[in-house]
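Features as listed in TrEMBL:
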- 51-68: transmembrane segment (TRANSMEM)
- 80-102: transmembrane segment (TRANSMEM)
- 147-209: region 'Disordered' (REGION)
- 152-165: compositional bias 'Acidic residues' (COMPBIAS)
- 230-247: transmembrane segment (TRANSMEM)
- 275-297: transmembrane segment (TRANSMEM)
- 303-332: transmembrane segment (TRANSMEM)
- 339-360: transmembrane segment (TRANSMEM)
- 372-405: transmembrane segment (TRANSMEM)
Amino acid sequence: MSDKEPTTPKPEDNQESTLAALRSRVTLMSSVQFGILLLAGAYTLYFIRPVLLPVILALLLTLVLKPIHRVLCQWIKIPAPLAAAFIMLGVVSGVTTGIYYLSAPAIEYTDELRNEIVKTRLKNVFQPISKIQAEVSQVATEVGKITTPEVVEGDGTDELDEDKEDAEKKGSPKSQKSSKKKSPPEPTKKLVMNGEEMGTLPASTSETVPVEVKLSKSPMEDLYQTAKDVVYHLVITMTLVFFLLAYGDKMIERITEVDVTAALMDELTNEISRYMFTITLINMVLGLVTGTAMWLLGMPNPLLWGVMAAILNYIPYIGALCGAAIVFIVAATNFDSTLTIIMIPAVYYAITVMEGNFITPAVLGKSFIVNPIIVFVWVLCWAALWGIPGMLIGLPILMVCRIICSKFPSFQRVERIISSS
């Protein structure tokens, strides 16, 4: 039998292997480029927060107020700038009134939490849990003593005898007398700074002593800085909302000269605006129901807790837990009954759970239900970038991105990932 001749690879096989290598290389390059682009975008978002945050807030608030503006312009025939002025007058009046009446109770509760009496009451609330934990640790200790093996006789007796002899020698009267003799105390000198005694130093220390000075800001300085930032963002946001309501439609018409593009922009704007308006209306009803429930349970300042519930409901999952924790602490500082203290946060959390699982899906439909994993990671990313404001605007931005992706075939895969259906 003759040996088989070596088979030469066909040109088609070489072409397929080359294409496979090229695809893998392109995929790897695309992944690396996407990662670099993502890091660069996160870095940019972190540092342009003072500029971009008011712009995003203004865009979202404009989408919420757009249905009201459309009614005033189309049905009542009011000019767009005048309708925008009326709407902004109402919004500014409502925000100013809310801050005026709710800031004092909020500051009062913040000061109460620093009081020692409040801390003692909170410790008393958690005292049963501490007792159970102490009993469990005691039982574990007893079980450990029972299960510890006994020392076998005869093992290590010589070492024990030597230790006893050393101990007896150390306990002799001579050793006791010598141990009672103490060395004289080293002379010290006081360290005084700005008329206040900062401590003591050995007398042998030189005069030039390096002192670490830590400058701490007072609470009033922090409060002033926070109030200044809030006022800055509010002024910029309200001004942008007015201009977007008054002249936003004309700007979109000039940008989209093609009829198809204009129709697509109108469809996107209407759908996003309808979603934002509906979500805001649901949150307002939730705040009203929560405030009424807190009033029926005897909580002080129920209006404050209703407004807090409406705002925190923009933060999925985390907002409800934070709100329940806050009302629990306030209830623990104002009530003595353990049942009442537990019932108040339970009712608060139950209302938010019912809204999230029944009311919102029934009003918006299943098409607006998103993947909880994507939502949680998305909100955490925005919280890491912009803190609490990022958590508040995280879910609305995600829903806006999903609506935009659903209108373009090339982004429908992204829309399917965001969606839970």
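Placement of Cβ uses the backbone N, Cα and C atoms for every residue, glycine included.
Contact between the transmembrane segment (80-102) and the transmembrane segment (275-297) is not supported: fewer than 3 Cβ pairs lie under 8 Å, counting only residues 6 or more apart in sequence. In this chain, the transmembrane segment (51-68) lies close to the transmembrane segment (275-297): three or more C-beta pairs between them fall below 8 angstroms, excluding pairs fewer than 6 positions apart. Among residues of the same chain six or more beyond the transmembrane segment (372-405), those with a C-beta under 8 A of the stretch's C-beta atoms are 42, 45-46, 49, 53, 56-57, 60, 63, 268, 271-272, 275-276, 279, 311, 314-319, 411-412, 414-415, 417-420.
The list of residues near the transmembrane segment (230-247) in space but at least 6 beyond its ends in sequence, with Cβ under 8 angstroms from a Cβ of it, reads 53-55, 57-59, 61-62, 65-66, 69, 80-81, 83-85, 87-88, 91-92, 95.
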